[in-house]
Amino acid sequence: MNIDWELENCCGDEERLFLIFYGIYVIVFALLFRTFLMKPMNVLSVFVHEFGHTSACVLTGGKLDAIEVYQNEGGVTKYRGGCQCLVIPAGYVGSAFWGGAFVAMSGNRIGATVVAGMITGALLFSLCYKPNSMMVMISLGFSALNAVAVFIEWFVFDPFLEYITLFYGVYIGYYAVRDIYDDLITRTADGSDAVACSKLFRCCHPRCVGVQFWLVAFAFQALGLYLALVWRATVEN
């Protein structure tokens, strides 16, 4: 298989449709971001943020006690131990990373199926750690939605799941960008991840940390879109 890194075979009808959907999603999210219609996705994005802390904690030897997500779009990860210099930034950076990764993997039905499985697995995993009622609701709701989307993709109609997981990836990435800007750049809130990072790395002001997170979030989305197009062009080729 020759990987089309230079996108010489881009963009055919399917790639253009993929880009159109990406653009439509961004516009729709910008218009409806603070409306009740996006509430479920906002809560899911908060979960991805908290799961970033969870992953870093577990991978660096910490112990997870609970993951909680609230209706007001707040959340908390209760843990002990772990490498703080990795666990603290893993919320914003982790959600930006997963947003970009989900966009990239949406370039193919196999990748999209893996994304649906990963999201479902993470949500069900969270139920093992003293979830609050909102956590239970989004875990069961999105798990059921993903199962239906996978069934439709493989047995009824395709492409379908690729645009569902693209929706996830774009929204989670968009949420990370907006969240970082609102919480870390325009203001400095006591107890935020940026303040905690600035205490670990004394050379960085909290807003400077926020700007770095913000640039990383944009970079992950751009990289994810590029890799999705590479994947689509390569598979078609």
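Any Cβ shown, glycine's included, is placed from N, Cα and C.
Away from its own ends, the transmembrane segment (17-37) comes close to residues 11, 103, 106-107, 162-163, 166-167, 170-171, 174, 178, 225, 228-229, 232 of its chain (Cβ-Cβ under 8 Å, at least six residues beyond either end). Residues annotated as transmembrane segment in TrEMBL: 17-37 (among others).
Look at TrEMBL and you will find 85-104 (among others) tagged as transmembrane segment. Residues 22, 45, 48-53, 55-57, 59-60, 62, 77, 79, 111, 115, 165-166, 168-177, 179-180, 184, 193, 196-197, 200-201, 209, 213, 216-217, 219-225, 227-228, 231 of the same chain sit 6 or more residues outside the transmembrane segment (85-104) yet have a Cβ under 8 Å from a Cβ within it.
Within the chain carrying the transmembrane segment (110-129), a Cβ under 8 angstroms from the stretch's Cβ atoms is held by residues 47, 51, 54, 64-67, 101-102, 104, 135-136, 138-139, 142-143, 146-147, 149-150, 153-154, 161-162, 164-166, 168-169, 231, all 6 or more beyond its ends. Taken from TrEMBL, the feature transmembrane segment applies to 110-129 (among others).
Look at TrEMBL and you will find 136-154 (among others) tagged as transmembrane segment. Within its own chain, the transmembrane segment (136-154) is flanked in space by residues 40, 43-44, 47, 69, 109, 112-113, 116-117, 119-120, 123-124, 126-127, 160-162, 164, which lie at least six positions past its ends and keep a Cβ under 8 Å from the stretch.
As annotated by TrEMBL, transmembrane segment applies to 160-177 (among others). Packing against the transmembrane segment (160-177) from elsewhere in the chain are residues 18, 21-22, 25-26, 29-30, 33, 38, 41-42, 44-45, 48-49, 92, 95-96, 98-109, 111-113, 115-116, 119, 146, 149-150, 152-153, 214, 217-218, 220-221, 224, 228: each is 6 or more residues past its ends and has a CB under 8 Å from a CB in it.
The transmembrane segment annotation in TrEMBL covers 209-231 (among others). Long-range contacts of the transmembrane segment (209-231) within the same chain: residues 3-5, 7, 10-11, 15, 18-19, 22, 89, 92-93, 96-97, 99-108, 111, 166, 169-170, 173-174, 176-177, 180-181, 183-185, 194, 197-198, 201, each at least 6 residues beyond the stretch ends and with a Cβ under 8 Å from a Cβ of the stretch.
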